[in-house]
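A.B. asks: One structure, pasted below without further comment.
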Amino acid sequence: MVWNTNLRWRLPVTCLLLQVALVVLFGVFVRYDMDADPHWIDKKEAENSTSDMENEFYYRYPSFQDVHVMIFVGFGFLMTFLQRYGYSSVGFNFLLAAFGIQWALLLQGWFHSYYRGYIRVGVENLINADFCVGSVCVAFGAVLGKVSPVQLLIMTLFQVTLFSVNEFILLNLLEVKDAGGSMTIHTFGAYFGLTVTWILYRPGLHQSKERQSSVYHSDLFAMIGTLFLWMYWPSFNSAVSNHGDAQHRAAINTYCSLAACVLTSVALSSALHKKGKLDMVHIQNATLAGGVAVGTAAEMMLMPYGSLIVGFICGIVSTLGFVYLTPFLESRLRVQDTCGIHNLHGIPGIIGAIVGAVTASCANTDVYGVNGLTQAFGFDGFKTNRTPSMQGKFQAAGLFVSLAMALVGGIIVGIILKLPFWGQPADENCFEDAIYWEMPEEPKSTVLHPEDSTLKPSEP
């Protein structure tokens, strides 16, 4: 089938309509929160909170910076491994994230910070909006190279909506703990994206197989994304934790899990190659799986050795997934997972949910202390009668809710994106920047390098 990929009207109209709608909605509903609005100074004085240094900005902004870099630089560059899709990997990630954070501020605001007729926005809202967009970036990895920017905007519109509903169910109704988003961000984002790409299955994708591979410099750019993600993941998992020991624990647990994951990923990558060589795909992706898997239990008393075990297991599972599971999914289940998000986010997200459920079930006053247990899991108010074993069951329920929302939502959104007027590329043109970008002319070299006798001058 021949597709019309000309976006001259479709993309501008879609972008402008969405942005104008957001401007109107922000004007009607969004206002600054107490820490950003001088009108609340009297209330602060009544609460003896008059020091500017007590403003939430100074507690949260460093973490916000780190998370923001992960979303726009980390995820963007991680997907530049495709040899002729670098512009689109970074550029489309930039586009969907910029739209997604605005839409997320509205939807999450209606669910979590709606007060006296307005959504109150502060720095913590910005972090949560980035988390929401992180889930979209995960799903983007599954459809990378096979969809148009208009399709990505439509997918973001629906996914942010579904994410916000799922997050509200888990955090507000089930009261689960998921500081680093193993369930809400990674599991939901991965299986949503995998379901969408399953619906959008392309039987003729083999025609673009040559462009689906990497070259030396594209892998190097992708490794930059990996390093940014790896360095800032402790901030990601601890960004919205309660101040004090919980936030401190989240950073330590993530740090340890990531470190262990690198060694096992390298070990497995070498062991699985017949000549003992390393595969850059494994090093770019599997080394991050420990950060995903420790997310749910990040605030809990997992202990540093427990975090090392989680990272150790995920390095093995993720690397094996890239070697064996990804080809199986494509050949048998018609799931064309471009970036292998099932191995980096899907399976590690499920492992993280299980680790969180088990760790919560095993919690006791000997480990946390009486007040510490109450504070760590919020066993007060209407949760006074909840026990650690009950909390573990709610944690497990949260995993199934996330999976159900991802699968059902992915099917619906996939069907919408399959409509023929979104400007998607033909099978033979997938993974190609030139379809949507003005490309610079590549200069023809006429210089002979004497040290290499095989080189010939370019044809005129």
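Each residue, glycine too, has its Cβ placed from N, Cα and C.
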A.B. asks: If you check Swiss-Prot, which of N48, N285 turns up marked as N-linked glycosylation site?
C.D. replies: N48
A.B. asks: Is it true that Swiss-Prot lists Y58 and D366 in the same topological domain, i.e. on one side of the membrane?
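C.D. replies: Same side, per Swiss-Prot.
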A.B. asks: Same chain, outside the topological domain 'Cytoplasmic' (273-285) by at least 6, Cβ under 8 Å from its Cβ: which residues?
C.D. replies: 78, 81, 214, 219, 222-223, 225-226, 265-266, 318-319, 322, 339-340, 343-344
A.B. asks: Among the recorded stretches 126-145, 308-328, 397-417, which has the greatest number of Cβ pairs closer than 8 Å to the transmembrane segment (220-240)?
C.D. replies: 126-145
A.B. asks: How many of the residues that make up the topological domain 'Cytoplasmic' (201-219) does DSSP mark as helix, as strand and as coil?
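C.D. replies: Each residue of the topological domain 'Cytoplasmic' (201-219) counted once, the result is 12 helix, 0 strand, 7 coil.
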